[in-house]
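Enquirer: This is the feature table in TrEMBL:
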type     : residues : note
DOMAIN   : 1-435    : domain 'Major facilitator superfamily (MFS) profile'
TRANSMEM : 26-43    : transmembrane segment
TRANSMEM : 55-73    : transmembrane segment
TRANSMEM : 79-99    : transmembrane segment
TRANSMEM : 111-129  : transmembrane segment
TRANSMEM : 141-164  : transmembrane segment
TRANSMEM : 281-302  : transmembrane segment
TRANSMEM : 308-332  : transmembrane segment
TRANSMEM : 339-368  : transmembrane segment
TRANSMEM : 406-429  : transmembrane segment
Amino acid sequence: YDIGVMSGAAIYIKDDLKISDVEVEVLLGILNLYSLIGSAAAGRTSDWVGRRYTIVLAGAIFFVGALLMGFATNYAFLMFGRFVAGIGVGYALMIAPVYTAEVSPASSRGFLTSFPEVFINSGILLGYVSNYAFSKLPKHLGWRLMLGVGAIPSIFLAVGVLAMPESPRWLVMQGRLGDATRVLDKTSDSKEESRLRLADIKEAAGIPEHCTDDVVQVAKRSKGQDVWKELLLHPTPAIRHILICAIGIHFFQQASGIDAVVLYSPRIFEKAGITNDDKKLLCTVAVGFVKTVFILVATFFVDKVGRRPLLLASVAGMILSLIGLGLGLTIIDQNHGRIMWAAVLCITMVLLYVAFFSIGMGPITWVYSSEIFPLKLRAQGCSLGVAMNRVVSGVLSMTFISLYEAITIGGAFFLYAAIATVAWVFFFIMLPETHGRTLEDMEVLFGKFHRWRK
């Protein structure tokens, strides 16, 4: 919601607070860098208090951030609200896919783990709708309501998650085998699968198979140092391959330009010749609607078709859409006026781009990175992926206006098309198919790099 609503709110914030384009760039993009603090802390927090309470904490932090932004009286106050909200966003982005992957049975893990992306898109769409709904209010009131209303979903999140079970993998790591068994019985397709999942998790956590007590003593791990050593300093070939895949997929998800389109769509439509504020916001709502509808396509096919085919098809479509968008914007730019067919081409290409992003690159990034790490490295491994995601997103969204002023707006999208092409090659060479595997059985797929197919 916060990502989506800020694209339209920025129009009114700029006028009301009399801020420059550079300050707008920083305001829109800084949330991603602030969220690094949340995603870095979430790994340790979720290993300490559990996945569930980490989600409650994320909701509480974001609630405070949204209220601070809604009551902001100047730019500095607004930036402080962004800082608090950013930490909440970082927590939520890291913990939601991890929690979902850990409670899901293998048969529907892809479908369920793509839910965070489904609701990210729903939130962006609600943000766009909120822009349009509050745009008729007085300028100083409209943008504050747009931002402040974001506090409401975080209440539902924090309360709703208390009715959900804790991650069985976290429970096993705490030695609470009885609680873990009860959760696995509820979340498995059969009793047999529940027993197999428990045996795999016990093995991964270093608990002997013959231990069947409700509570067992688990050797306390050091405070994360061993995890970072295994992950970064002395990784096995399989862990190194997993890390490259996780960080690579998060890097390319953002570097291929999605935040430029989501955050700056009103500006892109303005460059395409749409000058009326209402029409710009309506076109932006259309972007959010298409993005949300096509994410639903991905959720139903990710467990049928597999991760790789969807991802490769998605990135190929994004490359063609970005080239088309760059072409349309360049033609309009060079002719210094409205060319109807080029404007239609630009709008069509923006819609196609977000549709292709949503069927693969959007959801599969979260599905893939949350399922490939071994149990004891999962929380920290995922937080590294999210950190890369947020850094690239922050850099991209804070430099987009400066970038298109330097190399033209068409040139900016040609650059994103080139990055997406490199992404397609990386995914084709490096990423094995993980569909149908249990989380404990992932590591065997990795370690051979480009030779994994053999």
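Note that Cβ sites are derived from N, Cα and C of the backbone, with glycine treated the same way.
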Enquirer: Could you please provide the mean pLDDT value for the domain 'Major facilitator superfamily (MFS) profile' (1-435)?
Expert: 86
Enquirer: Where else in the chain does the transmembrane segment (55-73) make close Cβ contacts, counting only residues six or more beyond its ends and a cut-off under 8 Å?
Expert: 2, 38, 42, 45, 49, 80-89, 91-92, 95-96, 99, 144-145, 147-151, 154-155, 157-158, 161-162
Enquirer: Between the stretches 26-43, 79-99, 281-302, 308-332, 406-429, which one has more Cβ pairs under 8 Å with the transmembrane segment (339-368) than any other?
Expert: 308-332
Enquirer: So which of 141-164, 281-302, 308-332 is most in touch with the transmembrane segment (406-429), counting Cβ pairs under 8 Å?
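Expert: Stretch with the highest Cβ contact count: 308-332.
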Enquirer: Of the stretches 26-43, 141-164, 281-302, which racks up the most C-beta pairs under 8 Å with the transmembrane segment (308-332)?
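Expert: Top-ranked stretch among 26-43, 141-164, 281-302: 281-302.
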